[in-house]
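What TrEMBL says about this protein:
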type	residues	note
BINDING	T87, D161, E186, K216, D220	substrate binding site
DOMAIN	221-382	domain 'S-adenosyl-L-homocysteine hydrolase NAD binding'
BINDING	G252, E253, V254, G255, K256, G257, E273, N376	NAD(+) binding site
Amino acid sequence: DLFSKSLFLAASYTDSSDDEASPRDKTQINSKGSSDFCVKNIKQAEFGRREIEIAEQDMLALIALRKRAQGEKPLAGAKIVGCTHITAQTAVLIETLVALGAQCRWTACNIYSTQNEVASALSEAGVAVFAWKGESEDDFWWCIDRCVNMEDWQPNMILDDGGDLTHWVYKKYTNVFKKIRGIVEESVTGVHRLYQLSKAGKLCVPAMNVNDSVTKQKFDNLYCCRESILDGLKRTTDVMFGGKQVVICGYGEVGKGCCAALKALGAIVYITEIDPICALQACMDGFRVVKLNEVIRQVDVVITCTGNKNVVIREHLDRMKNGCIVCNMGHSNTEIDVTSLRTPELTWERVRSQVDHVIWPDGKRVVLLAEGRLLNLSCSTVPTFVLSITATTQALALIELYNAPEGRYKQDVYLLPKKMDEYVASLHLPSFDAHLTELSDEQAKYLGLNKNGPFKPNYYR
């Protein structure tokens, strides 16, 4: 019937979205008569609005920020171009930025993670969104270009996740890049690219590294991945974890979260690490630290989360056992060398959305998830509360950079001030009915602290 058909269409994270014409080939108009967007189907806006309303219930810090700052409009005059995952949760962030006075144009940092109905709801509300689930590589760069290249509209702030938008503006629109007042970047990969630019003396704008803020590291990378790794694996493979042998490449915050979840379900977990400190932490947490070559023939699941490239290469894939599941939890799709699998002797079979069987001539199958892209955002969802913490951090970083007096931030990469990190955390405490203890004057003096914080030095992680 029509109702169930419309419901099916709305649930973009379950449909394959592969079989229709590209949104680039059709002109759509929202109810206000604007066509300055490109999404899968603008008619899904109502469903998307409901998704956003559900997300708002668990993102109370952003709603509080809207109420506190709505009068003074700290982002009035800000023209923000953004490249993030487009989900109900990021929509709450985008609409908060708009409520604080900003104009926004938005695109997706991942070709699989866009919730089509949410992109439609944002476009209906007047945000220029260029994104849909299942974009091609060409679509991806086209969408970024459409966000930046707009007559009579020039961005003065960038919010990026992965560094692709920053890279595009830096390479193609040099004059625009020079006039940007600040960049906010939230991923390991993007931050690494910013530091490279800075080192080469080519970063001509201040940038805020929110990835390394304590709130982002601990909550998005550790606690979020601890929950979403299982969600992504279960939805795609229905695998039972008890007794399975799993190798996790990288024991940073993401790796720690993945390990904790899999260990709790009874999996046997191995770690690979390049950093002796992280390796020692893994040992103390009860994990075997190995080289990938030592366990590749016996493991049932391989998970990458290093932020590096070519962590799992064709040589490893050739030696895996039949039915081995391979997936990536790092931001970029460079960790697993998927290109090396696109050769004539291997057969690819799409088993279900985001699940491919790669079949060797002898019949061996390797189960590849999301073509090596980010598992939890390609194949499942992420806890809203955790994203609220990251989104609040991003909003405050944008406000800080946009309103900073001349000279406070030079052409370099900065960490979020500790005071702001603590403010983000404090905005989330009411959700738990948590009551903070206050220092007495005597205690504050003894510790050499201000009673209102910051309570830790900037280098504290």
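Residue 1 is the first one shown; counting continues down the chain.
Each residue, glycine too, has its Cβ placed from N, Cα and C.
On a predicted model such as this, the values are computed, not experimentally measured, just so you know.
Between the CA atoms of N376 (NAD(+) binding site) and D220 (substrate binding site) there is a gap of 12 Å, rounded to the nearest whole number. Predicted-model confidence for the domain 'S-adenosyl-L-homocysteine hydrolase NAD binding' (221-382) is 94, expressed as mean pLDDT. Proximity note: of the listed binding-site residues (V254, G255, K256, E273), V254 have a CA within 10 Å of the CA of D220 (substrate binding site), given in sequence order. The binding-site residues listed here are G252, G255, G257; among them, G255 has the most other Cβ atoms within 10 Å of its own Cβ.
Between the CA atoms of K256 (NAD(+) binding site) and K216 (substrate binding site) there is a gap of 14 Å. Here the C-alpha separation of G255 (NAD(+) binding site) and D161 (substrate binding site) works out to 19 Å. Checked against E253 (NAD(+) binding site) by C-alpha proximity, the binding-site residues T87, D161, E186, K216 yield K216 as the nearest. Take the Cα of D161 (substrate binding site) and measure to each of the binding-site residues G252, V254, G257: the nearest one is V254. Taking a C-beta cut-off of under 8 Å and a sequence gap of six or more, E186 (substrate binding site) has these contacts in its own chain: T84, L159, D160, D161, V210, N211, K216, D220, T390, T393, Q394. For V254 (NAD(+) binding site) paired with T87 (substrate binding site), the C-alpha to C-alpha distance reads 20 Å.
When the Cα of T87 (substrate binding site) is compared against those of the binding-site residues G252, G257, E273, the shortest separation belongs to G257. The record assigns T87, D161, E186, K216, D220 to the substrate binding site, and the maximum Cα to Cα distance across that set is 18 Å.
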